[in-house]
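According to TrEMBL, the active site annotation covers Glu174, His250. Taken from TrEMBL, the feature active site, nucleophile covers Cys371. The feature substrate binding site is assigned by TrEMBL to 19-28, Asn110, 137-138, Arg214, Asp252, Asn365.
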Amino acid sequence: MKAYEVNFDGLVGPTHNYGGLSYGNVASQSNSQAVSSPKEAALQGLAKMKALMEMGFKQGVLAPQERPDVVALRSLGFSGSDAEVIQKAAKEAMPLLAACSSASSMWTANACTVSPSADTADGRVHFTAANLNCKFHRSIEHPTTSRVLGAMFADPRHFAHHAALPAVSQFGDEGAANHTRFCKSYGEAGVEFFVFGRSAFDSRFPAPQRYPARQTLEACQAVARLHGLDDEGVVYAQQNPAVIDQGVFHNDVISVGNGEVLFHHEDAFLETDRVLAELHDKLGRRGGRFQAVCVPREAVGVEDAVQSYLFNSQLLTRADGSMLLIVPEECRLNERVWRYLQRLTAEDGPIREVKVFDLKQSMQNGGGPACLRLRVALKENELNAVNPGVILTPALYGTLTTWVEKHYRDRLSEADLADPQLLVECRTALDELTQILKLGSVYPFQID
Ligand code: SUG
């Protein structure tokens, strides 16, 4: 049966702002308090989705969340009407209001981990929502994420959903950003590659010194168990703690894989030779030919990789089997990175073309092309079971663009977060969106 990789991009929410909320994420910290444009951010994301759809790739949309999250603010002791909750939080604890107002669910590579049906014991596609418990503003995403995923992938004959892992740092889980799947073709059993930053229970694994390692080995192992993955189809690797300390807060900031290819920085992992050999052997036993494309530190240093987001690219297989890399504009602006990319595509390797997208609004919070998408490999019958409302078509693109133009603000500063009207605008927009995407009731304001 034919199978596809479908990219579900996060639609940027109406409260997109620069809160400086992610310690260890260089862009988030350095753009703290800058004025954002939610409208521009959403339109930049939609333009990428449209371009991929027009290139013939299957493209889906993942809905944003209700923000500010008044349920979270109430749980922290703010009371009264919704407007009063927001005003009290603005007055007494602005950092909490900023955290509860983040549009961070746009980075759907962190929504969950997905295992395609060819890899799982029960032959269903498995989803585990990520607890994202390293950062408060992200830890509040998973309940709504689970409802949205449930409304998109509803058929229990094809799709199995698992709740987020226990919300403690020992099981810190950041979802697909630290997970890659290698395969000969999307419908065949593959090898799932889990990358962790530290171990919670085994002190033999070194931890970074400066910035937090968000993903633990124990979280990766729990997800592999929940999904019913066979040991022969799993490889674990530790991210190099030294690169976490240079701002590589997720593995997808330093490597990306697709099909039989891993595109990675020389310093991405610990025990690189062992990891690559295991990937090679395990994929080989699944009938595939693993191929690593290593970017040497002399060509591109870790600092350039973090600044340009070279590895936060989408590596896509074109109809003729060759690969295309979708990179952010920042790669073209970085001389060393751009020179490297020219060389890479001129060689006889698997990556033949580079396409550049302007995603500056998201990039300023540390979210590149790969952060904005959740990959789900689906067989034809599974794709037919997906809620058709979330699959991008030219008509849906038009509707969503008009919806953004109608509901989103042109600019948002920290002071604007104190305005209770922003919540009203967000709810009005999302109520309409659930009808456009045919999601039913998924938001707290729709179900409480
Ligand atoms: O978790 N930034 C996100 C970026 C996530 C990128 N995702 C992947 N690499 N897959 C994060 O650090 C910043 C929000 C702010 O500062 O306003 C933020 O949450």
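The backbone N, Cα and C atoms fix where each Cβ goes, and this holds for glycine too.
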Legend entry - Using Cα positions only, nearest of the active-site residues to Asn110 (substrate binding site) (Glu174, His250, Cys371): Glu174
Legend entry - For Glu174 (active site), the number of other Cβ atoms found within 10 Å of its own Cβ: 30
Legend entry - Nearest of the active-site residues (Glu174, His250, Cys371) to Asn25 (substrate binding site), judged by Cα-Cα distance: His250
Legend entry - Among Arg138, His250, the most crowded of the recorded positions [Cβ within 10 Å]: His250
Legend entry - Which of Asn25, Asn110, all binding-site residues, has a Cβ with the fewest other Cβ atoms inside 10 Å: Asn25
Legend entry - Residues among the recorded positions Tyr23, Ala27, His250, Asp252 that border ligand 1 - Cβ under 6 angstroms, in sequence order: His250, Asp252
Inset, instruction - Check the recorded positions Leu21, Ala27, Cys371 for other C-beta atoms within 10 angstroms of each C-beta and report the one with the most. - result: Cys371
Legend entry - recorded positions near Glu174 (active site) (Cα-Cα within 10 Å), from Tyr23, His250, Cys371: His250
Legend entry - Secondary structure of Asn25 (substrate binding site) (DSSP, helix/strand/coil): coil
Inset, instruction - Name, in the order they occur in the sequence, the residues of the same chain whose CB lies under 8 A from the CB of Asp252 (substrate binding site) and which sit 6 or more residues away. - result: Ala109, Ala177, Asn178, Phe311, Asn312, Ala370, Cys371
Inset, instruction - Tell me whether Gly19 (substrate binding site) sits in a helix, a strand or coil according to DSSP. - result: coil
